[in-house]
Structure formats: structure tokens, C-alpha cells
Amino acid sequence: MEKDARPNWDSPMQFVLACVSYAVGLGNVWRFPYLCQMHGGGGFLIPYFIMLLVEGVPLFYMELAIGQKMRLGSIGAWTAISPYLGGVGLASVVTSLYLCLYYNIINAWSFWYLFHSFQSVLPWAVCPINANRTAPIEECERASPTQYFFYRETLNISSTIEENGGIHTGQALCFLLTWVITYLCVVRGVQSTGKVVYFTATFPYVVLFIYLIRGFTLHGAVNGVKYMFTPKMNQLANPTTWINAATQIFFSLGLGFGSLIAFSSYNQYNNNFERQAITVSLINSGTSIFASIVTFAIYGFKATINYENCLERTRILLLNTFNLAEDTINMDNVFEWIEKLNATYAEQFNEIANDTGNCDLEKELATAVEGPGLAFIVYSEAITNMPLSQLWSVLYFVMLLLLGVGSMLGNITAIITPLQDFKAASLFLAGLVCLFCLLLGLGFTTTSGNYWFTIFNDYGATFSLLFIVLIEVITVSYIYGIKRFEKDIEDMLGHRPNWYWKIMWVAISPLLLIVLFVFYIVNYIMGGTPTYQAWDKEEGKSVLTEYPVFGQVFIALLLVSSVSCVPLTALYVFCRKRKHGKAHKQQHALNAVSA
């Protein structure tokens, strides 16, 4: 296929929506609010927006420019710049493959929860009855209904990664469904993806807006929002705050996977990607803040309910212990009575001291949760306390599904597009990639699957993406040449990039990436033996556990496998050129002798 015959997006709007659908994902909903909570509420927005300006937007711009100029996927684009750099594109494809293997299991969980939402009582609202029909199941009583439903009903999780079990049939069917949907969305390339993104990029905002209105009507929601926007400026002196802000920007925009290069390769040659890069970056960050307001409203509601339940338990304990009249103590004067009774009946009060005075709204609000724990446990628990909980459950999990599917479209395109550049048939290739990921991904539906999911989520992309994007920006600035890159942009846009972009590409962004890269390596080495959260059904809670030797070896392989594509490809090209060079000299010598 000639470059001119390459399919294009129907309109620039389709491209923007595809980028928004890809960039705005589950991380905006379950990681950004967690980082705000961990690093000083509103104060975290200061390093976040600084990192957006010096790292996020310039690198996003750079990847769009490369894809649109070369009109190839990641492997072809970097090979065109230099044959020795084809490994950069290959590393992006391998990293995207790792992401695709496990990302759809999150969508499978969303389907599982969605299907279980159509019940008169949500199954994670109450503990199920044991086999004897005499009491609730003990594991559920030790934990909570929401934790039990996630760990036992959804995952049927084993006690450690070393305990293997069979495939969870329900999860496997949901997983199959997610891959069928993914295939149907990408089967016709940008023709089908371009239509799907109109829905996957817009409907989550409708749900978020509905949740925003509902959230602010919930009891105690204002406590959560106030907590978010109350800055703790001392966190700005914490280096980890800045590192996490940079990392969040980096991964939220989806840099280094090759998806942005693939998407922009289907643009018209003179498309204004500069404006689109700024637009998508701002939409992505705005969505993170918008989702955080919704999340903190839910946090406030849940924290207030927990706080008031704690006060009520304390009130009843005091009434029963000291034989007080029912109306003596109320929710507003519990702490006054604790002080009064402690001073008057010190000896008697000491017997119940451990069960009183632990009610703290600030502490409830500061309990930080991220990832699946936030999406499938904290949110689910909050939903059970809402009127018409089934409706809110359906809306919430449909939103999670659309966010997940939208991101998957970008992830799978990052694999398919570079392979299509090698003249592979689109229908056959899309089906083959989806089937391959489905079969390998079934391992995540086993009893130990969640532990393997954690390994891939923690180690499958982080290190390799930092390395890939660092090589990308150094290549563009110093190997391909910033002057040459400027001319390419002028050829496409009609003007050269201004001083801001050039300073970021040449100096600030590479330095920042080097700092992040070194920080990650030092943190990994100093962190000791890698650990994971194993579910202890006897205790009804997660327990920090060290990975066994095979788990540590697998982590090392994950970290090295994608990164090694860069030097190995360069070495292969070098050896091949050297071999061809020798063959050419020998042929030249033979021709000379013959002559």
C-alpha cells in the first residue's frame, strides 16, 4: 500500500475524540484522586500543572508530529528516522502487548459488577448466608460485604500467588465478551474506531456530570470536596510529590505506547496537531480534576457515614456502660461526655477506653485508596448507601466500561498499526492479535490471577515507558536533529514551533525524564524484595507478602524484555549491515578478478 493510500480519519474531530478516549482512562478516576489525597489535596495541583507544561504537552506534541510526518506506526516511524532505532518502536509494541494482556480483565470485572447490578438487593450490600442457613459466611463477617464480593465472588482469590486454581468461569466469559467487543471496535481500522470513539469519549462525561449532581446532594459530600481543595503546602517540599505528579502526567497521557503515533499516522498531512495536542492534554487534566471532585464528594459521603456510625456506636456504648437515659447523649455531644465520664468514673471508663474516642472524620477522609480497591470496593460501598443504588451502580460500571474500552482501542491500535505497515491483512491481523491476548489473558481469571495482574500493572510498563520516551526525545533532539524536526513541522503546519517547544524538547523534558528514570531505578533497588497484597480469608484483610523467587524472576524479565528490544535491534541492524558490507566487498573483488 502506498502512503497516499493510507486510510484517514473522517474528520479532525474523530482524531481528537480518539485521543481523548485513549488518554482519559481509569487512571483519571482511580489514581489522580488518590494522589491528591496523598499529597496535600489542592496543593498537589501546583506540581501537577507545572509537570503538564514542562513534560506532558511537549512530549504529546512530539509523538503526534512523528506519527503525522512519517504516516507509519511506531516501528516504521522510528526505522524511517534511523534503522538502528526500529527497536524503539518494537519496545512500544511489546509494552502495549503487556498492557493489552491484563487491561481487559478490568473491563471483565466491570461487566461482572454490571450484570450483578440488576438485582433487588445489590449482592455486595449484605453478607451471604452460610451453607447451614444459620449465619452470614465468616469470611464476609471478618471483612465487609464489598470486600467479600470482590475478593471471593469476583476473583475467588487464592491465599498466595503460589496457590494455583482453576479458571473462574464467570470471569472467563466476561473476559471473552470484552475481547469480542474490542475486536469489533478495531476490525475495520480507523473506519470502525472512528465511529466508536464518539460514544466512548463523550458518554463517560455524561455519567460523571450526573454523579457530580448526585454527589453534591449526598450527606457529607461537602466534607470531601472541602478536604480536596484545602491545600497542605508542606507537601510541596516533598520530592515524592513532584515525582508522582510527573509520573501521573506521563502515564495519563499514554506517552511511549505508540498509540499516539499510530493514531496521528491516519491524519491528513497538514492537520493542525499542535492545537490538538494542547486541547487533548488540557481535556485530560481537566477530566482528572472533574473526576476527583466527584470522587471526593463520594469520599465525603462515605467518610461521614462511617464517622457518624462510629459516633452512634460510641453513644450506645456509653449509655449502656453508665446506665444513662437514652436522650442524655446525642451525636453532637459525644466527645463532651467522653471527657466528663473519663474524669468522673476513671476506673470504669478505662475498661472501655479502647472502644471510644477513635471516631475521626479527618482520619476517615485521609484514608487513601487507589486502583481496583477504589473502583470496586470503596465506590461500591458508597453506592450501597444511596437510594436507588441499582441505578447508580449501572451508571457507574457502564462509565468504567467505556473508559476501559476507549483506552483499549488505543492500546490495541498501537500493536496492529505497526504490523499492518508490513502489509498484513487488517481483518486477519486484528483477529489474531485479539485471540492471542485473549488466550494468554485467561490466566488472569484463575484464583491467583489477581496477583499476576498486580505484577503486570506495577512492572509491565512503568520502567520501559520512561526508557522509551527518553530515547524518543533524545533521538528527535540530537540524532534526527531539532532543526530538521522544526522543518518537518513547518512543512506540515506552515510555521515552525516557537521557543517554548524547542527548550522543552532539547533540555527540560530530557532532564526530567532522566531524573524520573534514575529515581525509579534507585527506588526499585532500595525497596528490597518486591511485595504484594495477599488476601487472608482467615483475617478478612489483605496482608503484605514478599514475592517468591519465580515471581521476582518474572518481574525482572518484564522490566528487561521490552527495554532490551532497543539495543538488540540496533545490534541486529549493525551485524546485518556489516555482513552485507562484507558480501558486497567480496562480490566487488570477484568482479575485479573476472575483469
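For all residues, glycine too, the Cβ spot is worked out from N, Cα and C.
Annotated in TrEMBL:
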TRANSMEM  12-32  transmembrane segment
BINDING   ALA23, VAL24, ASN28, SER252, ASN284, LEU403, SER407  Na(+) binding site
TRANSMEM  44-62  transmembrane segment
TRANSMEM  83-105  transmembrane segment
TRANSMEM  165-186  transmembrane segment
TRANSMEM  198-222  transmembrane segment
TRANSMEM  242-266  transmembrane segment
TRANSMEM  278-299  transmembrane segment
TRANSMEM  394-416  transmembrane segment
TRANSMEM  428-453  transmembrane segment
TRANSMEM  459-482  transmembrane segment
TRANSMEM  503-527  transmembrane segment
TRANSMEM  547-575  transmembrane segment
Chain residues outside the transmembrane segment (242-266) and at least six past its termini with a C-beta under 8 angstroms from it: 6-9, 15, 18-19, 22-23, 25, 27-28, 31-32, 35, 38-39, 44, 47-48, 50-52, 55-56, 59-60, 63-68, 70-74, 77, 89, 92-93, 95-96, 99, 189-190, 273, 280-281, 284-285, 288, 407, 410-411, 413-414, 416-418, 461-462, 464-466, 468-469, 472, 512, 516, 519
Which same-chain residues, if any, lie at least 6 apart from SER252 (Na(+) binding site) yet have Cβ under 8 Å of it: ALA23, GLY25, GLY27, ASN28, ARG31, PHE32, GLY56, ASN284, SER285, SER288
Chain-internal residues near VAL24 (Na(+) binding site), provided their CB is under 8 angstroms and they sit 6+ positions away: ALA201, PRO204, ILE283, ASN284, THR287, LEU403, GLY406
Chain residues outside the transmembrane segment (428-453) and at least six past its termini with a C-beta under 8 angstroms from it: 97, 100-102, 104-105, 108, 155-158, 160-168, 171-172, 175-176, 179, 182-183, 186-187, 412, 415-416, 419-420, 532, 534, 551
Interface-richest range of 165-186, 198-222, 394-416, 547-575 toward the transmembrane segment (83-105), CB pairs under 8 Å: 547-575
Stretch-level contact, the transmembrane segment (394-416) and the transmembrane segment (198-222), CB cutoff 8 A, at least 3 pairs: yes
Env. residues of Na(+) site, Cβ within 8 Å of mean position of ALA23, VAL24, ASN28, SER252, ASN284, LEU403, SER407 Cβ: VAL20, TYR22, GLY25, LEU26, GLY27, GLY254, THR287, SER288, GLY406
Long-range Cβ environment of SER407 (Na(+) binding site), under 8 Å and at least 6 residues apart: SER21, TYR22, GLY25, LEU26, TYR103, GLY254
Contact check, the transmembrane segment (547-575) vs the transmembrane segment (44-62), 3+ Cβ pairs under 8 Å, seq sep 6+: no
Criterion met for the transmembrane segment (459-482) and the transmembrane segment (44-62) (at least three Cβ pairs under 8 Å): yes
Touch test for the transmembrane segment (503-527) and the transmembrane segment (44-62), at least 3 Cβ pairs under 8 Å: yes
Chain residues in Cβ proximity to the transmembrane segment (44-62) (below 8 Å; excluding those fewer than six residues from its ends, i.e. six or more beyond): 35-36, 38, 231, 235-236, 241-242, 245-246, 248-250, 252-253, 255, 260, 273-274, 277-278, 280-281, 285, 289, 469, 472-473, 476, 497, 501, 504-505, 508-509, 512-513
